[in-house]
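Undergrad: What follows is a single structure, and I will ask about it in a moment.
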Amino acid sequence: MFGTQIVNNEGHLMIGGCDTVDLANEFGTPLYIYDTALIKEKIEEFKAAFSRHKEIDWQIAYASKAFSTLAMVQLIDEAGLALDVVSGGELYTALHAGMPASRIHFHGNNKSDSELRLALDAAVGAIVVDNFYELDRLNQLCAERRQSMDILLRVTPGVEAHTHEFIMTGHDDTKFGFNLDNGMAEQAIRLALESSYLILKGLHCHIGSQIFETEGFAEAIRTIYKYLDRWSAQLGFSPRILNVGGGFGIHYTELDHPLPIADYIDTIVATVREECDNRALPLPAIWVEPGRSLVGEAGTTLYTAGATKEIPGTRTYLSVDGGMADNIRPSLYQADYQAICASRANLPADKILAIAGKCCETGDILIKQAHLPAGCTSGDILAVLSTGAYGYSMASHYNRLPAPAVVFVEDGDASLVVRRETYADIIRLDVPLQVKTHNDN
Ligand SMILES: Cc1ncc(COP(=O)(O)O)c(C=O)c1O
């Protein structure tokens, strides 16, 4: 939902063939809407990028942490993609949505025994093992059950990529994965190869998020292959799968200039091929785990504007009926967004307003400098764009605000895929104190 906006005769913003003001009236606000045609377009872009490389086996696994609901998983399943889950809850959602377990892989830096058991019961396609504790626990659980499990080892190649730059940190100070430089990864490979139950299929790395350059991916792959010189010679290990994670950048504002997906995939495939050719190693299957690049731009949050506060010469605040409880990203890491006045989308955006959330936190500001029409005020519907990733999935109940509803829109049809929470939902898990009866006698 970025680029040219479609506006109808009433001056209302249209998404997926639906009038956003009508959606706000029908489903209430705050409301998450997803343009599912756009998600499918992004999926096809990934598939087309890989299909050009006939010699490569590949897998696209949607990183469901970006936005996980039954309907979303069903959409991914129908598109034939795989799924990356990072918790028992995401796995449970995936299984309930009917996602074949064989197409699920399970991430996480502190999977509990019960989460590992859930994954083993379901016989997921692979577990991405993050640390020695997990390697040991998983090995023991598999031994107890006499069950084998395909695993990848998450390694940290010392490459950190963010937006337009990547840096070689040499050694990574991160809670995730086995470091390459200090021998952890080699030790993990040795242990995995010794196991009778764990089948070491390959390696995984994830170098960052919102990445707008390709070289960080190439550098991470080259770094891993440098170590593979020794591991293939001494341990006879060469990965059958190389999972390079996600992180492909998207449009949040006009300052973002994402690359075509094919640019990333071409670089990844070319680098893997070159590294393998140089060492006469077999080409691994290449896996990627896009999250935000599949759903980010497809999501829009609708809010109703309420109170205004003008501080002459300083700023005008326009408060909306949601905020950090439904989108923590601006307050958590100063994420930037753009907004449109959906109910006056035909008017020029000639005024700068601060869009404030309704939570009791000074920092609950969704957009510090939103360009909106001068007349945009209380009662208008605001659309914050590109909120599809890590918005709803990071929502909280702060201030006991009920979580918004989520609607999928396509071809003029809107379907509710998550209903709005009610106040009754908010207290449904609370256990009241038992009233003590005092006997004064
Ligand atoms: C291991 C892993 N894979 C994939 C992703 C998805 O990243 P993105 O949504 O930026 O594509 C993440 C995000 O944190 C991740 O940690």
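Glycine is no exception: its Cβ is also placed from the backbone N, Cα and C atoms.
Remember, TrEMBL labels are computer predictions, not curated facts.
Source: prediction; values computed, not measured.
Sharing the record's features from TrEMBL:
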- 32-388: domain 'Orn/DAP/Arg decarboxylase 2 C-terminal' (DOMAIN)
- Lys65: N6-(pyridoxal phosphate)lysine (MOD_RES)
- Gly247, Glu289, Pro290, Gly291, Arg292, Tyr390: pyridoxal 5'-phosphate binding site (BINDING)
- Arg292, Arg329, Tyr333, Glu361, Tyr390: substrate binding site (BINDING)
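Describe each of these features in terms of where it is and what it packs against.
TA: The C-beta environment of Lys65 (N6-(pyridoxal phosphate)lysine), restricted to residues of the same chain at least 6 apart in sequence and closer than 8 Å, consists of Asp84, Val85, Val86, Glu90, Gly291, Tyr390, Ser393. DSSP assigns Lys65 (N6-(pyridoxal phosphate)lysine) to a helical segment in the three-state reduction.
All chains included, 26 other C-beta atoms sit within 10 angstroms of the C-beta of Glu289 (pyridoxal 5'-phosphate binding site).
Tyr333 (substrate binding site) carries a helical DSSP state (H, G or I).
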Undergrad: What's the CA to CA span in angstrom from Glu289 (pyridoxal 5'-phosphate binding site) over to Arg329 (substrate binding site)?
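TA: With the alpha carbons as reference points, the distance is 21 Å.
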Undergrad: What is the interatomic distance between the Cα atoms of Arg329 (substrate binding site) and Arg292 (pyridoxal 5'-phosphate binding site), given in whole Å?
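TA: Checking the Cα atoms of Arg329 (substrate binding site) and Arg292 (pyridoxal 5'-phosphate binding site) gives a distance of 13 Å.
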Undergrad: Which binding-site residues among Arg329, Tyr333, Glu361, Tyr390 have CB under 6 Å of ligand 1?
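TA: Result: none.
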Undergrad: State which of the following binding-site residues has the fewest other Cβ atoms within 10 Å around its Cβ: Arg292, Arg329.
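TA: If we count Cβ atoms within 10 Å for the binding-site residues Arg292, Arg329, the smallest count is at Arg329.
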Undergrad: Report, in whole Å, the straight Cα-to-Cα distance of Tyr333 (substrate binding site) from Arg292 (pyridoxal 5'-phosphate binding site).
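TA: Here the two Cα atoms are 16 Å apart.
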